[in-house]
Amino acid sequence: MNNIYEAQASNRLKSVIIIIGFMLFVGVAVYILMQALGIYFGYQPGGLGGVGIAFIISGLMSFGSYYYSDKIVLGISGARLADRKRDFIFYTVTENLSIASGLPKPKLYIIDDTAPNAFATGRDPDHAVVCVTTGLLQKLTRTELEGVIAHELTHIRNYDIRLMSVVAVLVGTVALLADWFLRMSFWGRRSKDDRGSSQAQAVIIALGLIFAILSPIIGTLIQLAISRRREFGADIGAVSITRQPDGLIKALQKIAHDREPLEAANKATAHLYIVNPFKAEGPERSRRNPINTFSNLFNTHPPVEDRIKELQKMA
Amino acid sequence: MPLLIILLPVILIALWAVSEYNFFVSSKARIKAAVQEIGNQLKRQVELIPNLEASAKGFLKHEKDIFKQLTDARRAVASAVDSGDLQKMSEAGAKVAAVLPALKIAVEDNPEIKGSEVVTKLMDELRDTSDKVMYARRLVIDLTADYNVKLVSFPSSILANMFGFTEQEGLITPQKGEHLEVRDSDMKSPRVKLD
């Protein structure tokens, strides 16, 4: 037994710890890569410097996808606007849960696809979009749909899309620096002006190489860990709105056991959905298997069984 | 430098105090708005029910009881809204919610109206309107709980005392009474007869 407030507090704490760890990691990686790059450049660039340039490039690449996230994703997924008469349950359920959570009602869209799934996007609650598939509306009862929509509204309320965009920018910055360093050590030439401290330089270059190779992977792994934490957070938040863990549990089971692939999803949008649309995690896949525990590190979502277990503690 | 060391904590504490103060005042405003939202939803209910009655009349002419219940509920809500008393309003809202189970039984008993779109629509709308009132109440409960927790927990309690913030009542529910007691009859497992 675990009440909502305890679950919320513990999840928030874990989330903060991961994010602080992520910040430290980004700081150390950027520092070492810059030191190592400095040896090739022969000086430490002042002012904006390499980090600034990498940050701006990475930021520009992610900014568009963040600022126009609602429009881009909807364009890719081919969704249509929901209407109160035609999609009565979807429309009213979202309306009601928006009342309960004190959020403005998001824009509602429907993807014509029989695989049940749902996602939320948009840069802030005023530009939020909740999108579901026709399969979800057909296969879930009203109570189950409330669980799913409440999960999506919690993502919106917690600014998860904004957080994940910031994280993506930082991972991108580290990856760019690492890439530059690798190219420099391939094509570049060490500056010859101070040969005195060549031993220290060798250590920094060795460290730089290690970081250049490992940090993009480590960054991505932490990014995925944050994403999984936010999914747990959204599940708990959903229960705090509906107070009916059973609704979300049954909905997750139905979505996970459905074997149909979601045609509208692709690798770029997969992380948005309430359950990973690629169904890598079938019900027959056991958690005990060490290979699965390892492969879970590369998933944007925690395994559905784990999410259900957490929810059952609150039921 | 020493000046900075003295100033920095002062600035931090001031920033914290401002954000706490703002939490208390904005929470109070939100609670007030949430209470108004309940009234808003109940008003919607009052306007909705006559329309539903009119559209379902033909199909439910044999179900006089349900009609009476629906009309009574509507009257209760209307008079409660006029009185402006939130407590009365939400009690009346419960009456509307009670029509739904009765309607379901009636539909089960009459297979000929089961498939009718009008009746399904009536049931959907009734469930929706009572959900809306329920969720509007949920928001008041949640906001008041957040506010009241902050009011008594340390260190925000110091600030609350300084500025004289007091506990918010939210929805008034009697702290004693039947709804908190478990009787023998409640302990028996429910029996469902299917025949």
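The backbone N, Cα and C atoms fix where each Cβ goes, glycine too.
Cβ environment of A:Glu152 (active site): A:Ala118, A:Phe119, A:Ala120, A:Val130, A:Ala234, A:Ile274 lie under 8 Å away, each six or more residues apart in the same chain. The active site feature in TrEMBL is assigned to A:Glu152.
As annotated by TrEMBL, Zn(2+) binding site applies to A:His151, A:His155, A:Glu231. Shown in sequence order, A:Ala120, A:Ile161, A:Arg230, A:Ala234 are the residues of the chain, 6+ apart in sequence, with a C-beta less than 8 angstroms from the C-beta of A:His155 (Zn(2+) binding site).
The feature domain 'Peptidase M48' is assigned by TrEMBL to A:93-314.
Annotated transmembrane segment per TrEMBL: A:16-41 (among others), in sequence order.
The transmembrane segment annotation in TrEMBL covers A:47-68 (among others).
For A:163-182 (among others), the entry in TrEMBL reads transmembrane segment.
If you look up TrEMBL, you'll see A:202-222 (among others) marked as transmembrane segment.
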For A:Glu231 (Zn(2+) binding site), the number of neighbouring Cβ atoms whose distance to its own Cβ is within 10 Å equals 23
Surrounding the recorded Zn(2+) site, with Cβ no more than 8 Å from the Cβ centroid of A:His151, A:His155, A:Glu231 and those residues left out, we find A:Ala120, A:Glu152, A:Thr154, A:Asp160, A:Arg230, A:Gly233, A:Ala234, A:Asp235, A:Gly237, A:Ala238, A:Ile274
CB neighbours within 10 A of A:His151 (Zn(2+) binding site), counting all protein chains shown, number 27
Averaged over the domain 'Peptidase M48' (A:93-314), the pLDDT of the predicted model comes to 83
